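Below is the structure I would like to discuss, written out as structure tokens.
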Amino acid sequence: MTTQLEKAAAPRRARSRKELAASTVGSIVESYDWNMYAVLAPFFATTVFGGGGGKLLAAYAGFAVGFLARPIGSVVIGRFSDKYGRRLGLTLSMSLIAAASLGIALLPSASMIGVWAGVLAVLLRLVQGLAYGGETPTVAAYVTEAAPRDSRWRFSAISYGGIVIGSLLSFGTIAVMYAVFGKDGLSNGGWRWGFIAAALIGLLAIWVRSFAPETESFEKMSAEHGTKRPPISSVFREHRWACLALLAFTISTTVPFYFALVYLPVYADNIGAAQKASASSFMTIVLAVVLVAMLSLGALADRIGPLKVLRTGYILQIVLTLPLILAMRSHVLPFWVTALILGVMVAPMLMVTNVYGGLLFPTALRAVGGGIVTAAAVAIFGGTFPLLAEWLHENGGYAVLPFYVTAVAVIGLAGTFAAVRARTFTDALSTDSNGATR
């Protein structure tokens with residue numbers, strides 16, 4: 001009898017592995033690509049944007065354009081995947097990402113075509129921003145619909161863990177490039193290999209996704225309604241609580257993520273708590289610990305429910321963020337201890353990311369609804385965080401930054417109570433096999 005049950009379960013396990021691989025690989029590519037651009041910008045700025053004084057600023061403007069384009073991509077590609085399938089949406093977004101990465105790698109220099117080199121670079125980042133704007137909510141919709149109910153949050157943790165894996169891969173690639181080319185070699189064309197690698201990883205992601213099945217939820221909806229979907233306006237008209245909950249969640253995840261896992265070495269250096277070079281090197285260890293924490297918390301959430309885990313994370317951020325920063329600033333706590341604690345406190349939010357937003361909206365609006373809210377919040381609060389931090393630093397308001405991180409945690413905690421007002425969310429959790437709704 002047991003053997004028969006195992007044989008019956010084998011196809012489901014094989015399907016789950018394909019679904020998990022298809023969603024995780026996208027997170028890897030996204031993180032890898034964005035880190036690669038941010039780190040390599042100083043090396044290609046002169047080649048692409050010329051030798052003027054604003055070349056690095058122009059390169060980072062291309063980075064910002066990618067964020068600003070995300071809301072548009074969330075509407076276009078999100079709607080496409082809601083109408084024609086998660087699998088097609090994932091293939092479309094990754095194809096655009098890989099093509100744009102290859103385009104950046106092959107960009108002619110400013111000495112060859114003048115200002116058009118910079119224009120092309122910004123346009124290619126615009127394409128990538130559009131693609132990522134659709135990629136993120138489509139992955140969330142896919143994971144939400146594909147994950148088995150008894151391991152829904154482990155699925156979410158593993159798939160979003162690709163963000164951490166991509167960051168680690170990008171840091172490793174950059175370290176190898178430094179060793180092979182050196183600083184001068186990177187400026188003289190070695191930087192192109194970073195984007196070639198990004199394009200190749202994107203092609204690998206497309207290949208992995210070619211084996212992924214369409215979700216059963218989407219197939220059922222298509223069989224009943226074809227490609228007819230509610231108007232996009234119904235996202236705001238009929239799902240206000242869902243929009244508020246997701247907006248609060250995205251803000252309260254994006255800001256601590258950038259503070260704890262991206263900006264913290266710069267912050268520690270500016271307040272005299274650590275040297276930026278050594279602090280940045282230690283962040284690799286922090287990311288690895290955060291990944292382990294995410295996977296562990298995913299298993300816990302499958303047992304006791306996601307809201308208990310998420311609310312605990314928010315409460316810890318509210319209570320501990322300011323004391324930790326003050327202790328680091330006064331040299332009571334070393335940087336590495338502060339970085340590890342702040343990183344682990346972000347893990348509950350990262351763990352639920354790929355399913356939390358998806359459960360807030362019905363199947364017909366899952367990608368476009370989640371995408372519009374998420375992309376807008378990330379563009380406003382994620383894209384502006386480094387600028388805000390530097391403005392505070394230059395204008396004597398640096399001490400405000402940990403209060404800002406604490407405040408968004410309060411918003412996130414309040415958002416969990418908005419989530420339980422969203423019928424789609426509570427209906428989904430009430431059907432979990434373990435009954436862990438809260």
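Every residue, even glycine, has its Cβ placed from backbone N, Cα and C.
TrEMBL feature annotations, pasted as is:
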DOMAIN    19-424  domain 'Major facilitator superfamily (MFS) profile'
TRANSMEM  20-45  transmembrane segment
TRANSMEM  57-76  transmembrane segment
TRANSMEM  88-107  transmembrane segment
TRANSMEM  113-134  transmembrane segment
TRANSMEM  155-181  transmembrane segment
TRANSMEM  193-212  transmembrane segment
TRANSMEM  241-261  transmembrane segment
TRANSMEM  281-301  transmembrane segment
TRANSMEM  313-329  transmembrane segment
TRANSMEM  335-356  transmembrane segment
TRANSMEM  368-389  transmembrane segment
TRANSMEM  401-420  transmembrane segment
Please give the sequence-distant neighbours of the transmembrane segment (335-356): residues at least 6 beyond its ends with Cβ less than 8 Å from one of its Cβ atoms.
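Residues 23, 27, 139-140, 143-144, 147, 152-153, 155-157, 159-161, 163, 246, 249, 252-253, 256-257, 259-261, 264, 268, 273-274, 279, 282-283, 285-287, 289-290, 293-294, 297-298, 301, 306, 309-310, 312-314, 316-317, 320-321, 324-325, 327-328, 412, 419 contact the transmembrane segment (335-356) from elsewhere in the chain.
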Within the domain 'Major facilitator superfamily (MFS) profile' (19-424), what mean pLDDT does the predicted structure show?
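Across the residues of the domain 'Major facilitator superfamily (MFS) profile' (19-424) the model's pLDDT averages 89 on the 0 to 100 scale.
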Would you kindly list the residues that approach the transmembrane segment (313-329) from elsewhere in its chain, counting only those six or more residues past its ends and only Cβ-Cβ distances under 8 Å?
252, 256, 268, 271-273, 335, 338, 341-342, 345-349, 401-403, 405-406, 409-410, 412-413, 416
Among 193-212, 241-261, 368-389, which stretch has the highest count of C-beta pairs below 8 Å with the transmembrane segment (113-134)?
368-389
Looking at 20-45, 155-181, 193-212, 368-389, which one has the highest count of Cβ pairs under 8 angstroms to the transmembrane segment (241-261)?
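Stretch with the highest Cβ contact count: 368-389.
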